[in-house]
Amino acid sequence: MVELAPYFMMYTNLMTYPLKFRQHVLAIKEKLTYAKTASRFGVGMASLMRWNRRITPCTTHNKPATKIDMEALAQDVATYPDDYQYERAQRFGVSAQGIRHALKRLRVSRKKNTSASQS
């Protein structure tokens, strides 16, 4: 049976493996194949190949937050408080899911009921 490195048990439930662990795995990989190294440390072969190309984890995405003008959306919510998200999406020319994410960033909750209130 192959002895597992002490790093294996510490990082099994994390989203991103630390740089120190990646360096350790790649140092062991120099002596073994990708398949044996992957099974020894419990990581995927694709991860090993990716780490071999670039060892540092990517932390940010180079993407704008949204194409929806947040001030215009806040004004739209104030002007039309009873409109559905799909109606706002049609006005802004985006998807309803995009409106949902933008409203979440503005901390505006969605309309809860589908029928008009009796006043």
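Glycine is no exception: its Cβ is also placed from the backbone N, Cα and C atoms.
Annotations in TrEMBL come from automatic prediction, not curation.
Not measured: the values here are computed from a predicted model.
The domain 'Transposase Synechocystis PCC 6803' feature in TrEMBL is assigned to 15-115.
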Structural state census, the domain 'Transposase Synechocystis PCC 6803' (15-115) (DSSP three-state): 56 helix, 0 strand, 45 coil
Confidence summary for the domain 'Transposase Synechocystis PCC 6803' (15-115), mean pLDDT rounded: 86
